[in-house]
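Chemist: Feature table excerpt (Swiss-Prot):
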| type | residues | note |
| --- | --- | --- |
| BINDING | Gly43, Gly44, His45, Asp63, Phe89, Asp110, Gln117 | S-adenosyl-L-methionine binding site |
| COMPBIAS | 295-304 | compositional bias 'Basic and acidic residues' |
| COMPBIAS | 312-321 | compositional bias 'Basic and acidic residues' |
| REGION | 286-321 | region 'Disordered' |
Amino acid sequence: MRSANEPDATHVAVLLAETIVALRPALHTGAAVRCVDATGGRGGHSAALLAELGAADTLLILDRDPSAIAALRARFAQDSRVYIRQARFSQLAEVLAALEWERVDAILADLGVSSPQLDEAARGFSFLRDGPLDMRMDPGADRSAAEWLATATEADMTRVLREYGEERFARPIARAILRAREQAPITRTLQLAELIAQVLPRHETGQHPATRSFQGIRIFINRELEELEAFLPQAMNALRAGGRLAVISFHSLEDRLVKRFFRADDYRISADVPLRASELPPLPWHPAGKALRAGPRETRDNPRSRSAVLRVAERSERHAA
């Protein structure tokens, strides 16, 4: 059995040192600390958090993927500080209530698809490996990508590919899918990837032609942006005064949501309101430092870290009572 300090060779935690450094001010308070890893994956960030925590501290680990839960339970079976729950991170408030945890000190969410999910063809996330066109992070949830593609309208497919995949050729791809499924069901990852490659212009280089489309379908199938929008306020409301939330995002749609939320734009008063700065109410939280990206060494050793962005926010004193 792998120990909690032993890394999982199939998955490398992104921005690991930077995340721990950013959360460290919330982890050493002189009292018993409670932390949450809202996206446990294979436990890389969790293990680093546990190495930072003391014997009286506790860590709650969440993941929606049952295979990740099994791996986490095996990895941390001998650590009594760890609580593991299979849940979406949008269920954070519900899980904390069940544990009777009123406040926590630090929360981490790594929004990326884990390497085991990408590398295991049977999960249906990869356009490089042939497998069933599934893409569900929780295989028992709702419909698969193949089931959606079998009935989606051209308008729906175009919207998903354009909004979630930021695909410029969304409509031609949607039309090609409609034509292809009239001949045979689209049920395999390489079947869809090859279809998309035939549609995109040959001069489109720099990444696999199916990258954006697969991203868009995956985000839609797993309701990833809706999950994130539900998670962020729950996480911030769960923090004690001075507690910190760290979020690692991997594409611009996620990062824009996180950036806007961390800036507390919904709580800001218009500059047209005639109030002095001293009269303005304090914001409920504020960004803690600048956004961080992986350095040259990490991007060389782990190419999947190239698009990662770490943002951290701290709960304000007057709003965490």
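Quick reminder: no glycine exception, Cβ is built from N, Cα and C everywhere.
The shown structure was predicted, so the numbers you read here are calculated from the model rather than taken from an experiment.
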Chemist: At a 10 Å cut-off from the C-beta of Gly44 (S-adenosyl-L-methionine binding site), count the other C-beta atoms across all protein chains.
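Modeler: Cβ-Cβ neighbours of Gly44 (S-adenosyl-L-methionine binding site) within 10 Å number 20.
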Chemist: Helix, strand or coil by DSSP: which one applies to Asp110 (S-adenosyl-L-methionine binding site)?
Modeler: strand
Chemist: What counts of helix, strand and coil residues does DSSP assign across the compositional bias 'Basic and acidic residues' (295-304)?
Modeler: 8 helix, 0 strand, 2 coil
Chemist: Relative to the Cβ position of Gly43 (S-adenosyl-L-methionine binding site), how many further Cβ atoms are located within 10 Å?
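Modeler: For Gly43 (S-adenosyl-L-methionine binding site), the 10 Å Cβ neighbour count is 29.
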Chemist: If H, G and I count as helix, E and B as strand, and all else as coil, what does DSSP give for His45 (S-adenosyl-L-methionine binding site)?
Modeler: helix
Chemist: Quick one: what's DSSP say for Asp63 (S-adenosyl-L-methionine binding site), helix, strand or coil?
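Modeler: Reduced to three states, the DSSP call for Asp63 (S-adenosyl-L-methionine binding site) is strand.
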Chemist: Including all protein chains shown, what's the count of other C-beta atoms within 10 A of the C-beta of Phe89 (S-adenosyl-L-methionine binding site)?
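Modeler: Result for Phe89 (S-adenosyl-L-methionine binding site): 24 other Cβ atoms within 10 Å.
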Chemist: On a simple 10 Å Cβ count over all chains shown, which one of the binding-site residues Asp63, Asp110 is most densely packed?
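Modeler: Per the Cβ count within 10 Å, the most buried is Asp63.
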Chemist: Taking 10 A as the limit, how many CB atoms besides its own sit near the CB of His45 (S-adenosyl-L-methionine binding site)?
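Modeler: Cβ-Cβ neighbours of His45 (S-adenosyl-L-methionine binding site) within 10 Å number 26.
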